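> Residues or ranges marked as transmembrane segment by Swiss-Prot on the basis of sequence analysis: 4-24, 43-63, 83-103, 109-129, 184-204, 218-238, 248-268.
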Amino acid sequence: MDWFLLLKGLILGIVEGLTEFLPISSTGHLILVSDLLNFNDEKGKVFTIVIQLGAILAVCWEYRVKLRHVVTDIGSRQDANRFVLNLLIAFLPAAILGLLFIKTIKQYLFHPVPVALAFIVGGLLILWAERRPHVVDVERVEDMDWKHALKVGLAQCLALIPGTSRSGATIIGGLFFGLSRKAATEFSFFLAIPVMFAATFYDLYKNRDILHLDDASVFAIGFVASFISALLAVRGLLRFVSQHDFSVFAWYRIGFGIIVLITAYSGMVQWSG
């Protein structure tokens, strides 16, 4: 058994779980950390896809009561029907663009320097958004209409650029379009479920020949680590947004992006790409 490989799996699982639902880009962090750990070959890339399932299930577990009510009330309650329709509307823009451009995006942007630039730009956008007057039109996720959902879905398209952050794009987009912090954050969590399930299973299907039973242990460790750390991150973020804005994440993104650029151009770290 390769204990160092298991350690890599544990580290990446924790990174995925902690960053997936924070506005700091899990994809960007996984690209950078995988590069540092020299786990960026084809198997490593499939691994980073598989461990996303742990993070998705963490959200499903945290909101299991609400999701169960939605499933059982579809067709009989208007609020459940509207909730599902809003998720579908918000899901479609990024899904369509992703299918059209994902190969090009992975070829040119899944590298440390483009990710670092996206970190910085995303951080600046968060600071700008936080300094705008915030007019709240929607206090609860249940009060959203299809127009709010479509706007958040269009904002999510920015997250196709690695380093941008899916949660960052949807949460800040939600704030920009009149959602309260709690509503924007929760809708981002719910929207992650169809988006990440679709992206994960699509990538797994495309790379099914790379998966082997010999890798089950490292994949399992990464999956469990992702689930536990994501559950903690989701609960922590909900408490955080009730009392703070997102500026701290913006400064983290900017600082981290600058460090990556400095290490890349100074030769301190031999990043790939």
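Glycine is no exception: its Cβ is also placed from the backbone N, Cα and C atoms.
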> Name the range, of those listed as 4-24, 83-103, 109-129, 248-268, that has the largest tally of Cβ pairs under 8 Å with the transmembrane segment (218-238).
4-24
> Using a Cβ cut-off of under 8 Å, list the residues of the same chain at least 6 residues beyond the transmembrane segment (184-204) that approach it.
20-21, 46, 49-50, 52-53, 55-56, 59-60, 62-63, 83, 86-88, 90-91, 94-95, 98, 141, 144, 149, 152-153, 156, 166-167, 170-175, 211, 234, 237-238, 241
> With CB pairs under 8 Å as the measure, which of the listed stretches 4-24, 43-63, 248-268 comes out on top against the transmembrane segment (109-129)?
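Looking only at 4-24, 43-63, 248-268, the most contacts with the transmembrane segment (109-129) come from 248-268.
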